[in-house]
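Novice: Sharing the record's features from Swiss-Prot:
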type	residues	note
DOMAIN	39-150	domain 'tRNA-binding'
DOMAIN	406-569	domain 'B5'
REGION	442-518	region 'Insert'
BINDING	ASP547, ASP553, GLU556, GLU557	Mg(2+) binding site
DOMAIN	799-891	domain 'FDX-ACB'
Amino acid sequence: MRVSYNWLKDYVKVGLSPQELAERLTARGVVVENVVRANPGVEGVVVGRVVAMERHPNADTLWVCQVDVGGGRVLQILTGAQNVTVGALVPAAVPGAKLPGGVTMGVKKLRGLDSHGMLCSEAELQVGDDADGILILPPEPGLEPGMDVAEVLGLNDWIFELDLTANYAAHCQSMLGVAQEVAALVGGEVNRPSTYTPDAPGTDVRNLIAVQIDAPDLCSRYVARVVRGVKIGPSPLWLQARLRAAGMRPINNIVDIANFVMLETGQPLHTFDYAQIRGQRIIVRRARTGERFTTLDGQERVMDESVLVIADAERPVALAGVMGGEDSEVTDQTADILIESAHFDNINNRRTSLRYNLPSEASKRFTKGVDPSGCVAAADRAAQLMAELAGGTVVAGHVDVCPRPAVPPVILLRTERANALTGLKLTPERMAEHLRSLGMAVLTPADLAADLALGAPESDEEPGEDLGGHPVWTALHQVSPVPSDPVVYRTWAEAAWAEVEDAGSRLEALLGGGESDGKAAASGEGVSPGGASDGILVVVVPTRRSDVAVEVDLIEEIARCEGYDAIPLELPVLSSHRGGRSRQGEVKLAARRALAAAGLTEVLTHSLTHPRVYDMLALPEDDPNRRCLALANPMYEDRSTLRTMLLPCLLDVVRYNANRQVRDLAIFEISHVYRPVEGEQLPDEPLMIGLAMTGNLAPLGWNSPERPADFFALKGVVEHLLAELGVPDARFERSAHPSLHPGRQAALVVGGKPVGLLGELHPQVQERWELPGRVYVAELAFAPLMEAMLPQAVYRPVPRFPAVTRDVAVVVDLDLTAHRLETAIREAGGDLLEEVRLFDVYQGERVAEGRRSLAYRLVYRAADRTLTDEELEPVHNRVREALKALGAELRS
């Protein structure tokens, strides 16, 4: 934001140089990125009056002008501009004058005639972009030939370029907001401009325009005023200078006044040609789906119900807070002006601005936050200036529709807590001084008790009546403008008194009463002038300070007013107790290390996705994973719901890499998914482990072939993870998940409960995701694995005695799983059986159809002796008998 130093001095006595002011503002948190001269290098250019002109005898496109440049001098200056007329006041760069870029003017011969300097355009003075004609200065009292153009155009100024952070974006996006900060800095007062304009007798504005708000959630206030009989023309030079200093281009007096008031107060305004408002009615409503509207830039906009529009009785006339329409814009023929001063929802306004790519100073302010209490004052200021600068007559009264009046918050500040948090040692009086300098009202608990003891003011009181006897109630009327409309005021008064009562309840709770309905505070109990309440300040915050909502916000304001440099340097008091990870954190780290050791790369994916991914995964309509949480206001269509699975996110990563010729990939992610819970407001957020492998796991080498990813490689990674975590009693069972290949998938079961799936991606799912090769995926629930882990690792000493190996081969039916066979072998082998390994599988012509041959290697060992054949043979026979019991045929 650009702030003019000269303009700032209209509102506050600065008393500091521009550079010093910039440094001190930055130290208070209002960051001044740069201080630059407003003058781009214009020196010696004066105001000239064209007293005579004629065509150049040797050039049809040139004019020979006689220009009065003051001091009794009339110079001959030649120009090719076609907008110059006799009597026009123009910038004349006389010999010796300097223009931006370091050009020094002299006498130059053009087609045989001398030109003593030149007449300047906006572009040549670098005060605008218009290079087609000479800058014509509007005739004003006191504007005479010979005056310094830099002074006339307001170029002898300094410009502060502010970088407003979120804490200052709302209240510092106006000249008065910055002036309040400067006043607090230098200990002065803000000189707010008067908005008084005598209303024209006769018609009331309510007889000329009616306002209806059909979308109160998107528009909390709409104020309208009417000014009749205006004359459209150029703005006075002082107003043009103010706009240029702020980086805006002057257009005409009506548009310039609206922009000036926005820059001064922070409240965006819009002006309509009153004659074009059909039915003399304004309706603030949502657009209808498919409704069309042509904005001021000539573009037709197609709208839907998410767009807020300002409409008359027949059609939209503006995109609310963004841009007006062609049909109601102010033109040179406009005589009557309808002024709009409203408060629109910041999120909806930003979304509309982005949707139609219509950034503007108005939408920027609505997005960051505008004071809803300032609507009437801004409309009055604009009406005043239109009467003064455009010759208009202000119609009496306002139309003020306000379904949700803004009430200044009442915040309780504990002074001891403020000192404890900041490290400062300020008195309550010093804190109150800082807060009052920012336009806040500071009272005592006794004042609040007095309000509550007196009770609510009479409901028929009007704003401006005597408010004596109610200190906090009076402050609520003073820190921000209150509604002038009686109906709106009564609504405001109810909400304001509710704020007073709530403050009383909070005060009683602070003084030790716990939860309260405020009755004790109302009677004055525990709120005496002395005692515990001495350390509490009751602060009423203006509505323009939307960033100050709770106690710590006040503490921040006190700290920056006192100066961050005043905060003492103290080492923090550290606890001797060392922090550590939670058990979940430890297990998660162990899982990450195990998967990384297995050769997988960790990825982090976005937790937002789109419901169509579940169609791509071929999930049935009743699958629980389709029940996902949708965002109320998604920024992007593809990021509209919270994920219920990691699988689609991992497939997105595989596709992204494949599109960039990375076909060999092994990745994992350990992240949360989000699943709605029936009857609960918040979802379940289980932690999941996701794996994905594709391409080759090992490249082609001089001594080894490529090793492509397959189901068993994926299964091996899962087994490695289980072993590293110490998860016993895990097995793999057949499964039938629709996203996976029907013959190459399995369910992981731990402790008799399914905890995950693994397998090859179904070919149709692979095709929908446009993946070039086979992809192997797994998704495991983290919590059941953590619960099943052994409490601690069991140490086994290095074996001292040799092992004995025996092989056993069996022929079994195809439906008898290897897991059942291995379980039977281990149970029969007992403590002496150390290892069971399947080393051969055969299915072919030497084995009957429907059967297969499995060969196992069994390793036996005793911890305290060498096993003999006599000891081993009975154990091995038990293994054979156990296999026979399952229907296995032993092979020799």
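Backbone N, Cα and C define each Cβ position, glycine as well.
What you see is a predicted model, and the numbers here were worked out from it, not measured in a lab.
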Novice: Give the sequence-ordered set of same-chain residues, not counting ASP547, ASP553, GLU556, GLU557, with Cβ within 8 Å of the centre of the Cβ atoms defining the Mg(2+) site.
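Specialist: Along the chain, the qualifying residues are ASN167, ARG545, VAL548, VAL552, LEU554, ILE555.
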Novice: May I ask which residues of the same chain, at least 6 positions away in sequence, place their Cβ under 8 angstroms from the Cβ of ASP547 (Mg(2+) binding site)?
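Specialist: Listed in sequence order: ALA166, ASN167, TYR168, ALA170, HIS171, ASP553.
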Novice: Which chain-mates of GLU556 (Mg(2+) binding site) that are at least 6 residues away have a CB under 8 A from its CB, listed by sequence?
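Specialist: Looking at Cβ-Cβ distances below 8 Å from GLU556 (Mg(2+) binding site), excluding near sequence neighbours, one finds ASN167.
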Novice: Tell me, if you would, which residue among ASP553, GLU557 (binding-site residues) has the fewest other CB atoms within 10 Å in the structure shown?
Specialist: ASP553
